[in-house]
Every structure is written in C-alpha cells, then in structure tokens.
Amino acid sequence: LLLAGLCCLLPGSLAEDPQGDAAQKTDTPPHDQNHPTLNKITPSLAEFAFSLYRQLAHQSNSTNIFFSPVSIATAFAMLSLGTKADTHSEILEGLNFNLTEIPEAQVHEGFQELLRTLNKPDSQLQLTTGNGLFLNKSLKVVDKFLEDVKNLYHSEAFSVNFEDTEEAKKQINNYVEKGTQGKVVDLVKELDRDTVFALVNYIFFKGKWERPFEVEATEEEDFHVDQATTVKVPMMRRLGMFNIYHCEKLSSWVLLMKYLGNATAIFFLPDEGKLQHLENELTHDIITKFLENENRRSANLHLPKLAITGTYDLKTVLGHLGITKVFSNGADLSGVTEDAPLKLSKAVHKAVLTIDEKGTEAAGAMFLEAIPMSIPPEVKFNKPFVFLMIEQNTKSPLFIGKVVNPTQK
C-alpha cells in the first residue's frame with residue numbers, strides 16, 4: 001500500500017484553461033454561517049500543521065521546510081475510513097482530532113465541506129485539490145470504502161496492474177502531473193511489485209498578489225543563512241503600505257500579504273536568535289487573530305524570490321505524532337479489503353513553491369499609494385523566516401514552510 005501526497009504553490013497570472021476534470025468544483029455558501037463542522041475541524045488542522053512542522057524543524061535546522069498540512073491530513077483522514085481498531089484511532093488522534101469532543105462522522109463531514117470550499121470556482125485565484133485511488137485489478141475492495149471516499153472526499157478510482165510496475169508508476173505520475181499542471185513530475189520514483197493499492201492526494205494553488213512588486217525594483221542582496229554563511233538572492237523590494245507589525249509575543253515581524261481571491265500569505269521574520277521561540281509559539285488562535293486584525297503601516301519591504309521543494313517520507317515524522325500502526329504488520333486495513341492483510345508501506349509527500357513579483361496580467365499596470373512622511377521601518381527578510389498560506393473562507397493552513405536558504409534546491 002502506497003500513500004502519496006503532493007502540492008504545488010505558484011504565484012503569477014492564471015492559466016487560461018480551468019483545472020480540467022480531475023478536480024470537482026462545487027458552489028459553496030460562506031462557511032462561517034453554513035459549515036459548522038468545517039469550523040470544528042479547522043483548529044485541529046492548524047495544530048496538526050504546527051506539530052508536523054515542529055517535528056520537521058527538530059530533525060534539521062539547516063534545511064528549508066515546505067509542505068501542505070491540508071494535503072497530508074486529507075489523505076490520512078481518507079485512509080482512516082478503511083482502517084479499524086488501534087490503526088483507526090491512531091490516525092485520527094495523530095491528526096489532532098479528539099473523538100470525545102468531535103464525533104468521527106463530523107470529522108469526515110468537515111473534510112467534505114473543506115474540499116468543497118477549496119474547489120469552489122474563483123475567477124481570481126486558482127485552487128484545486130484531487131484524491132486518486134489506484135487499485136490493483138485483482139483486489140476486491142469493500143464497497144462501503146469506495147462509496148465513502150467518493151462521497152466524502154470526492155475521490156476518483158482507477159484500476160491498475162501493479163505487477164507492471166513501470167506502467168503503474170506512469171499512470172500515477174501522469175495523474176499527478178495533470179493535476180498540478182506539470183509542476184510536480186515523477187512523484188513516485190519506485191514502486192514495489194507487491195503494491196496493491198495507492199492513494200494520491202494533490203493540491204494546486206496559483207494566485208496573483210493583490211499588490212504586486214515591480215520587477216525592475218528587484219535587486220541581488222545578501223541573505224544570511226547563519227552567522228558563517230551568506231548567499232546572494234534576488235530580493236523583491238517595495239516601499240508602501242503593508243499589513244505589518246512587530247509582535248512582542250512571537251518576537252517577530254509579522255507581514256500579511258493578500259492574494260486576489262480568498263488567500264493570504266503570512267510571513268514571520270524572527271528577531272535575532274528567536275527563530276525557535278517563534279516556532280514553539282505558533283498556534284491556531286494566534287493565526288486567527290492576525291487574520292482578523294488589520295495593522296496597516298508604511299514599510300520598506302525586502303522579500304526574496306523563492307523556488308523551493310519539500311519531499312518527505314512521512315513514515316518517520318508521523319511516527320513521532322503517534323501514527324505507527326498503519327505502517328506495521330499489525331495494521332488493520334480490513335475496511336479497504338478483506339482479501340489479505342494490508343499495511344501502508346510508504347507515504348510520500350512532495351510540495352513545490354514559487355514566489356516572485358508576478359501578480360498581474362495587465363501590461364503597464366501601476367499602483368500608487370500615499371505614504372506617511374515619517375521614516376518607515378526597513379523590514380528585510382534576509383535571514384531564516386517562517387511563512388503560512390491560508391485560505392480565507394476556511395482559515396485552513398494550505399501550506400507552511402521555513403526558508404533557511406533560498407538557494408537550496
């Protein structure tokens with residue numbers, strides 16, 4: 001059994017064609033009034049995001065981090081529909097769901113509403129998700145599992161001959177490549193001949209900055225990886241009004257930058273020596289307060305252009321969050337098939353990020369704003385920083401990352 005997740009985040013002009021038939025689009029009313037179960041799972045999603053982030057940060061303080069909490073949580077919540085006993089409870093508890101406070105049915109209903117909302121058409125923001133089940137032709141799958149993953153997670157099912165590993169790998173990778181518009185390729189590099197079932201989740205984001213940077217203003221500047229290492233990076237620059245302020249609790253500058261549509265990027269620039277403090281203090285409640293409060297002021301902003309990739313074997317890191325049984329010989333996946341005992345052999349997640357000046361298709365577009373006469377602070381993201389990408393309607397953490405070295409591939 002293989003579980004693979006992937007995501008892609010791109011700024012820039014929107015593609016002319018819609019995503020295609022891989023992702024389902026549904027009109028969704030505003031979630032605050034009509035989606036109480038979604039409101040119930042969002043805090044758990046955020047805390048899962050920070051728990052997973054802290055585990056990855058603990059493993060290495062010298063590498064970039066980038067992943068999609070929504071993608072990983074969706075894949076494992078979907079998989080939990082086919083698990084039983086300890087395997088089942090471990091997954092949901094590892095995703096930070098307290099089943100004494102929220103019934104399991106509401107967890108899955110919350111994900112159903114989340115996926116519906118994320119896939120809602122938006123003329124200014126391209127955001128699509130997809131779930132694919134690749135099943136061995138000889139595998140007899142429990143009907144209820146297929147029905148549940150289709151109805152609750154909008155999943156598509158594909159019949160595959162896993163004995164032909166090259167062809168099966170090609171099918172999975174083609175599905176992924178199509179879903180991410182060619183940005184994530186060769187997600188699955190190796191496939192075991194014994195594989196009978198693969199679950200793939202993707203999330204694709206492409207947005208335009210509400211207030212783009214001017215390409216002409218970008219210049220090469222120093223980025224201080226650590227006290228001994230400095231690299232040259234293209235630094236986007238703009239003097240203007242920003243939703244930015246210094247948060248004493250986090251010992252960090254906090255910058256919120258909106259995309260056109262329903263997404264916001266939050267950047268955290270920690271004070272000297274305060275990166276770990278920032279990482280330990282981030283919570284769902286703090287993020288919610290940032291999103292609800294506007295703190296506009298003038299600033300001279302320097303933000304590096306980015307192109308980073310995060311690839312993770314989740315078996316180890318999720319083990320630290322208590323999800324172990326599903327990877328062991330004692331796994332109970334009898335809700336998927338009763339043919340033979342299954343275990344999750346591999347869980348792969350890949351995320352791709354690009355941040356640049358792009359943000360408008362209009363040639364010669366210009367944006368002017370009034371700047372107070374007082375000297376604005378200069379805020380340079382020229383040392384390791386943390387960032388989040390939030391979907392505004394659901395307050396869901398689409399992506400979370402840390403930039404230690406912008407030149408690291």
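Glycine is treated like the rest: Cβ placed from N, Cα and C.
Swiss-Prot lists region 'RCL' at one of the ranges 144-163, 364-383, 384-403, namely 364-383. Across the region 'RCL' (364-383), mean pLDDT in this model comes to 63.
A separation of roughly 40 Å, to the nearest angstrom, links the Cα atoms of Asn61 (N-linked glycosylation site) and Asn136 (N-linked glycosylation site). When the glycosylation sites Asn61, Asn98, Asn136, Asn262 are compared by the number of other CB atoms within 10 angstroms of each CB, Asn98 has the fewest. Here the C-alpha separation of Asn98 (N-linked glycosylation site) and Asn262 (N-linked glycosylation site) works out to 29 Å. With respect to their backbone Cα atoms, Asn262 (N-linked glycosylation site) and Asn136 (N-linked glycosylation site) stand 39 Å from each other.
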